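Structure first, commentary second.
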Amino acid sequence: MKECLDLSELCSCHVPHPQEAFCKSDFVILARVKQYQLLNETIAYKVRIRKHFKMSEKAEVALKSGRLLTPRGDSVCQNTLTLGKIRRQRKGLKMMYRQGCVCQIASCYSSLYCQKRKGACLFSTLKRSCYDSEGICLPSPSKVCRWAKSAQLNKCVDGNKLTISRWSG
């Protein structure tokens, strides 16, 4: 069976769900950028850490100086994160994303790849806005991972049903 992807999908980068990014990160912090300096291929930030949501021992040692180095980000795949804008994401950072790290969030890039996987929350990159802003994947009491129900997620999905049905074909 031959499968085809939309041409625009071939040139796109994998942008993880915020919970997936949280779980795979060595540290997640809220910081104030005091200053930054452009170096050859990196940017050096001087930061004041206000709060840490997740931090490994190595990250704690590395961040003691209050200096962060990141790739310059001139590529197409540069990731940016806007914090504090969405209430559900703030709740996720504070407590719920950590609980969901036992779950897998399975990204799928087209309807052909979006088939149910046992124990995973499916995340269509083409329908991402509701699940980016409102979705948190958590294990149920029976240890099956599911998108946690919330009024905000339902409202967002209901508002996008026309868009989703057009995408589904």
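Every residue number used here counts from 1 along the chain in the order it is shown.
Quick reminder: no glycine exception, Cβ is built from N, Cα and C everywhere.
Any TrEMBL annotation is an automated prediction that lacks curation.
Here is what TrEMBL records for this protein:
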- Cys11: Zn(2+) binding site (BINDING)
- Cys11-Cys77: disulfide bond (DISULFID)
- Cys23-Cys101: disulfide bond (DISULFID)
- Cys103-Cys145: disulfide bond (DISULFID)
- Cys121-Cys137: disulfide bond (DISULFID)
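Distribution of TrEMBL features across the structure.
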residue	record	DSSP class
Cys23	disulfide bond	helix
Cys101	disulfide bond	helix
Cys121	disulfide bond	strand
Cys137	disulfide bond	strand
Cys145	disulfide bond	strand
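Between Cys121 (disulfide bond) and Cys145 (disulfide bond), the C-alpha separation comes to 6 Å. Listed disulfide-bonded residues: Cys101, Cys103, Cys145. The one with the lowest count of other Cβ atoms within 10 Å of its Cβ is Cys101.
Between Cys23 (disulfide bond) and Cys145 (disulfide bond), the C-alpha separation comes to 15 Å.
Rounded to a whole value, the Cα-Cα separation of Cys137 (disulfide bond) and Cys101 (disulfide bond) is 8 Å. Cys145 (disulfide bond) sits 10 Å from Cys101 (disulfide bond), taking the Cα positions as reference.
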